[in-house]
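See structure below.
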Ligand code: HEM
Ligand SMILES: CC(C)=CCC/C(C)=C/CC/C(C)=C/COP(=O)(O)OP(=O)(O)O
C-alpha cells in the first residue's frame with residue numbers, strides 16, 4: 001500500500017498501487033487460460049461480430065482474474081508461509097484482505113453479467129460455475145483437504161475453452177469437451193512437476209499436495225502416467241476430425257517430448273539433476289499447451305482463407 005502522506009491519523013489514506021491489483025489477477029497464469037478460451041471461441045462454427053467476441057473474451061479474462069484475486073484472498077494465510085507466494089500483495093501487506101475480496105467479487109459479478117449480455121446466459125452460467133469451482137470447490141474445500149486437490153480442481157482451469165465456445169455458439173458440442181479433456185489431463189503433470197521442487201513450501205503450509213502426502217517417487221509415477229495419457233488425449237482433435245495434419249504433428253511430437261521429459265523426471269531422483277528435470281518439464285508443459293492450442297487456431301485461420 002502507498003501511504004499518500006496525510007499526517008493526521010484520521011486523514012491517512014492508503015492506496016494500493018495498480019501493480020498490486022494487477023498481481024491479484026495472477027496475470028501470467030491467466031494469460032494462457034485466456035488463450036485457451038480464445039481458441040475455443042476461434043474454432044467455434046458460429047461467431048458473432050468481432051466486437052461482441054472481443055468483449056466476451058475480455059469478460060472471460062476478467063472473470064479468470066477475479067477468481068485469482070478471490071483465491072489469493074482465501075489463501076493469504078498459507079501464501080504468507082510459502083517462499084514462492086509470500087511476496088503477494090495480501091501477505092506482504094500491500095493490499096488489505098477485505099479490499100481484495102471486494103475487488104474480486106466486483107470483477108466476478110461484472111464479468112458474468114457482461115458475458116451474459118454478449119455471449120448469452122449459458123456462457124455466463126458456465127463462467128460463474130468456473131469461478132465458483134476454482135474459488136469455493138478447489139481453494140476453499142479441496143486444496144487443504146485432499147491429495148487429489150489439483151486433479152479435481154483442474155476442471156476449473158480446463159473450462160474456459162468450453163465457456164468461450166458457449167459464448168460463440170450459445171450451445172455445447174464435442175469439440176470444446178475435447179479441449180476441456182486436454183487441459184484437464186495436462187494440469188496434473190504441469191503442477192506436480194513444480195510441486196516436487198516446492199514440496200517443502202507445501203509441507204510447511206500444511207497443504208496436502210501429492211509429493212508431501214505420497215512422497216516424491218509416487219508423484220513421479222503419477223506425472224509419467226498423466227504424460228502418457230496426454231498423448232492420445234492431445235491427438236483426439238485430429239482423431240475426431242476437427243484438427244488437421246499440422247495439429248497431429250504438434251500433438252504427436254510434442255506429446256512424445258512431454259513423455260520423454262516426464263520419463264527423465266521419473267528416472268532422475270536425486271539432487272540438482274532431479275530439480276532440473278522438474279523445471280524443464282514444468283517449462284515445457286506451458287510451451288506444449290500453448291503449441292497445441294495455437295496450432296488449432298492457425299489451422300482454423302488457414303481454413304478460412
Ligand atoms: C488446478 C490447476 C492448476 C494448478 C494447481 C496450477 C499451479 C501453478 C503454479 C503453482 C504455478 C506457479 C505460479 C507462480 O510462480 O506463482 C503455475 C504457473 C503457471 N501456470 Fe498453472 N496451475 C494450474 C492450472 C493451469 C492452467 C489451466 C493453465 C493454463 C491453461 C496454467 C498456466 C500456467 C502458466 C502459464 C504458468 C507460468 C506463470 C509464470 O510464468 O509465472 N496453469 N501454475
Ligand atoms: C475463467 C476462470 C474462472 C478461470 C480460472 C482458471 C483456473 C482455475 C486456473 C487455475 C490456475 C492456477 C494458478 C491454479 C493455481 O493453484 P493455486 O491457486 O493453488 O496456486 P498458488 O499456490 O499459486 O496460489
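Note: Cβ is positioned from N, Cα and C throughout, glycine not excepted.
Range annotated as transmembrane segment by TrEMBL, chosen from 89-109, 278-298: 278-298. Fewer than three CB pairs closer than 8 A are found between the transmembrane segment (174-197) and the transmembrane segment (50-74), and contact between the two stretches is not assigned (pairs 6 or more residues apart). Residues 56, 59-60, 63, 66-67, 70-71, 74-75, 108, 111-113, 115, 148-150, 152-153, 155-157, 159-160, 162-164, 166-167, 170-172 of the same chain lie 6+ residues outside the transmembrane segment (121-142) yet bring a C-beta within less than 8 angstroms of a C-beta in it. Beyond the transmembrane segment (278-298), the same-chain residues lying 6 or more positions past its ends with a Cβ under 8 Å from any Cβ of the stretch are 32, 35-36, 38-39, 42-43, 161, 179, 182-183, 186, 189-190, 193-194, 196-197, 223, 234, 237, 243, 246-247, 250-251, 254-255, 257-258, 261-262, 264-265.
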